[in-house]
Amino acid sequence: MSQEDSTSAAAAQQPTSRPAPKLNERILSSLSRRGGGAHPWHDLEIGPGAPAVFNVVVEITKGSKVKYELDKKTGLIKVDRVLYSSVVYPHNYGFIPRTLCEDNDPMDVLVLMQEPVIPGSFLRARAIGLMPMIDQGEKDDKIIAVCADDPEYRHYSTSVSLLPRLQEIKRLEDYKKNENKEVAVDAFLPATTAREAIQYSMDLYAQYILQSLRQ
């Protein structure tokens, strides 16, 4: 089978309900970086229990006004900006390794737990829901999870019983508005939808790994 036929066959197997992101230079540069230390997006395992239980790399600490994010080229956590006003991140925030979403980034996760976690650390989390978000016209959904090793939170399997705390998460909309950015947060979706979204992002990542190896 020719390379063109192989590409066409792979495209035919993609889910038609969601558009696939283009394999851009930002992704390719991080995929090709193998000369230095481990890259948290590509080298850390997602975990054997995924999509239900999975590893999360923490980018932003609970209670922080500093927005950190992964530098995709180096694999380091960099400072992006400091939030406006008194808005802080209500929970630890990070991403799931070896996943890929339509915005060309790994899947975002908010992790509910008792303590703040240092940026660059990773932990085990369990999906309990999904927060649909539109950020400046683009889909930017967030997985809502609990720390699987926190005795205060690990028994939760659905977001319904955590609704009061989840309202804090919707304040993410506030900090965007303070920066004159249009963002909309819809009603929380159940854990089954979250697991489906994670599985889709895992499949999309695997597809692009294969594609990058052909180039």
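Cβ atoms here come from the backbone N, Cα and C positions, even for glycine.
Annotated range for region 'Disordered' in Swiss-Prot, selecting from 1-24, 97-120: 1-24.
Take the Mg(2+) 1 site that Swiss-Prot assigns to D103, D108: the candidate from D71, D140, D149 listed for it is D140. Between the binding-site residues D103, D108, D140, the minimum number of other C-beta atoms within 10 Å of a residue's C-beta occurs at D103. According to its DSSP assignment, D108 (Mg(2+) 1 binding site) is in a strand. Other residues of the chain with a Cβ within 8 Å of the Cβ centroid of D103, D108, D140, the Mg(2+) 1 site, are C101, D105, M107, M133, D135, E138, K139, D141, K142.
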